[in-house]
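Residues or ranges marked as compositional bias 'Basic and acidic residues' in TrEMBL: 11-21. For 81-593, the entry in TrEMBL reads domain 'Major facilitator superfamily (MFS) profile'. Annotation source TrEMBL lists region 'Disordered' at 1-29, 615-657. Per TrEMBL, transmembrane segment is recorded for 77-96, 108-132, 175-196, 208-228, 240-260, 288-311, 323-341, 362-385, 397-418, 430-449, 455-475, 571-589 (among others).
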Amino acid sequence: MSYGTIVNDVSTDHKTSDSARRPLHRRRSSVVPTEKLKAMGPYNGDHEALIDSDDDEASVASAQAGVKRLEVIASTWSKSSLYVAYFGICMLAYATSLEGQTTVNLTIYATSAFSAHSLVATVMVVQGVVLSVVKPPMSKLADVFGRFEAFTLSVFIFSIGYIQQAASHNVETYAAAQIFYAAGSTGLQILIQIFIADTSDLVNRALCSTLPAMPFLINVWIGAPLAQTLLRRASWRWGYGIWAVILPVAYLPLALALYINQRKAAKKGILPPSPLQGRGYWQAIKHLWFELDVFGLVLICAGFSLLLIPLSLISDGGWNNHGLLAMLVIGAVCLAVFPFWERSKTFAPRAFFPGSLFKKRTVLAGFAISFFYFMTYYLSVYPYFQSYLLVVQSRSIASAGQIVQMWTFAATITSILVSLAIKYTKHYKYFITTGACINLLGLILMQIFRVEGASVAVLAGTTALVGVGGGMLNVPAQLGVQASASHQEVAAATAIFLTFLEVGGATGSAISGAIWSANIPHKLALYLPVETQDQATAIYKNITLASSEWQMGDPTRVAINRAYQETMSKTLWVAICVAIPVILLSFLMENYKLDEIEQHVTGVVIGVDADTAPKSRSASYGASLPRRLSTESALGESEPMLSPGRSAQVRRGSKDS
């Protein structure tokens with residue numbers, strides 16, 4: 001008996017012989033005979049009409065073209081193709097990491113070429129907003145058009161940003177370049193995480209998700225020397241321009257792996273066409289309006305932008321600025337309207353954030369954890385801890401920088417170790433709760449021991465402890481959110497998770513900035529001796545003046561240190577209060593057994609062999625049984641679909657088993 005292309009299928013009958021075994025793809029036993037498929041004509045994305053699905057699984061049964069293209073590509077590639085793709089991911093991660101650690105040291109040299117420095121500072125705020133709000137539209141583009149297309153677009157935009165920065169001759173060009181740079185950078189960040197979610201099972205995903213962070217362990221030590229070498233032997237322009245060549249070269253392995261296997265699928269006739277194929281101009285616009293959920297993306301991007309820009313500027317006395325306050329209100333309204341829009345079947349049939357996700361406790365708890373956890377970082381470590389170290393602790397710039405970097409270094413090491421532990425324990429929730437407790441403990445110890453005269457070991461140790469807590473929180477929380485989403489939903493869930501992370505950071509930065517600007521000037525005016533009271537404003541605005549003009553023990557330096565110490569203590573108290581809800585939220589996360597629930601991926605993936613996987617049922621999703629796949633082309637020719645990893649399963653479970 002010959003079968004055609006698989007539209008949607010799952011089976012829990014393990015007694016079927018290999019020759020007659022039906023392939024698994026999504027949900028419900030629904031193999032379409034070749035004759036019927038031929039009668040339907042070329043694949044046009046509408047074949048899912050054959051699938052009988054429940055209303056609550058509509059998003060599953062109607063996965064968008066980009067998701068389908070990735071699933072088809074994953075069904076055609078071999079293990080070696082997947083390894084080449086992951087080599088490309090590692091190359092991209094290393095290149096972007098080294099670039100970030102290098103160009104951060106070139107900014108002051110680039111901006112010194114222009115006179116309008118204040119405009120550059122404003123653009124830095126907008127760049128931060130772009131880094132946050134580009135994630136949702138980029139993930140949606142990947143769902144609609146495909147992963148290969150979205151990756152290529154991001155690399156192109158990233159390269160344009162590099163070229164613009166290198167060639168800029170005025171501050172306006174440099175400002176525009178920062179926006180392109182931020183859009184390309186954050187696009188790659190979210191796409192790498194989406195690709196990892198596409199191509200790894202839940203047991204191994206945490207470990208795979210740490211790959212982009214691993215280069216930091218090396219590049220943090222070589223970025224500054226590389227920048228110094230570029231400045232000495234070339235110029236700051238070359239320091240930007242070389243990445244316009246390096247990044248596309250680093251992208252080649254991933255691009256080739258995706259493109260070659262996409263061509264394979266096209267030759268077999270199983271590759272879904274472009275969503276624009278066969279449509280006229282207005283039909284294409286209407287189709288993309290719904291497929292991209294344009295208004296939904298406008299709501300979420302406008303909402304986050306109108307919140308983030310005021311939060312980034314409000315610390316400079318902006319609480320009395322009615323324009324900024326109006327932006328905050330409008331942004332909040334946009335975000336409040338967003339869930340209602342997304343739940344409308346009429347206005348948002350292809351919702352960016354499906355209504356079903358709003359009902360999932362683990363998803364909402366994960367978003368809240370990312371928000372509060374990153375807020376504590378911006379209240380305890382960045383941006384004012386380094387200033388505190390320079391002034392109160394009288395540390396050198398190098399020493400202060402190394403102490404601050406201990407947070408990221410400890411968090412990266414911990415996330416790798418935790419990811420390995422998740423791989424072998426098959427659980428993630430325990431690490432979130434433990435990490436939340438360690439994070440809170442580290443903040444309390446910071447409050448106790450972050451005092452004038454503290455040793456480097458104490459300062460670095462408490463910072464590292466908070467980093468350990470952060471390393472145990474981030475990747476497991478993201479994993480829990482992804483485990484609650486279908487393959488169609490995983491890109492949106494990941495994008496919103498990372499966006500909440502950025503918004504939490506911006507909120508923490510705004511709060512710490514408000515505390516800093518409200519307290520330092522007031523306390524300086526209160527504590528400074530009479531002879532230097534007239535310099536209070538200058539001391540507040542000039543870190544060099546505050547840290548080096550007066551020796552330790554001088555009455556003026558004592559007053560400055562006291563003002564900084566008391567203000568830092570206030571920000572730490574806020575950080576402690578913000579860290580408490582993270583512990584409570586961790587209890588709301590579902591304690592999934594990762595090898596027993598649906599994996600939401602198809603084809604060859606990173607994971608344990610399907611034949612050795614436990615054959616048990618998911619309490620949350622119903623049947624979710626890994627099996628080695630076989631598929632047959634539209635012409636009825638049977639060929640094996642390799643599945644060394646966790647093969648794709650049902651979206652939630654089969655009622656036909």
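The backbone N, Cα and C atoms fix where each Cβ goes, glycine too.
Most Cβ pairs under 8 Å to the transmembrane segment (430-449), among the stretches 208-228, 240-260, 362-385, 571-589, belong to 571-589.
Tertiary neighbourhood of the transmembrane segment (571-589): same-chain residues 361-362, 364-366, 368-369, 372-373, 375-376, 379-380, 384, 428-429, 432-433, 436-437, 439-440, 443-444, 446-447, 450, 473, 477, 480, 508, 511-512, 515-516, selected by CB-CB distance under 8 Å and a gap of 6+ residues from either end. Confidence over the domain 'Major facilitator superfamily (MFS) profile' (81-593), given as mean pLDDT on the 0 to 100 scale, stands at 84. Of the Cβ pairs linking the transmembrane segment (208-228) with the transmembrane segment (240-260) and spaced 6 or more residues apart, fewer than 3 are under 8 Å, so the two regions do not touch.
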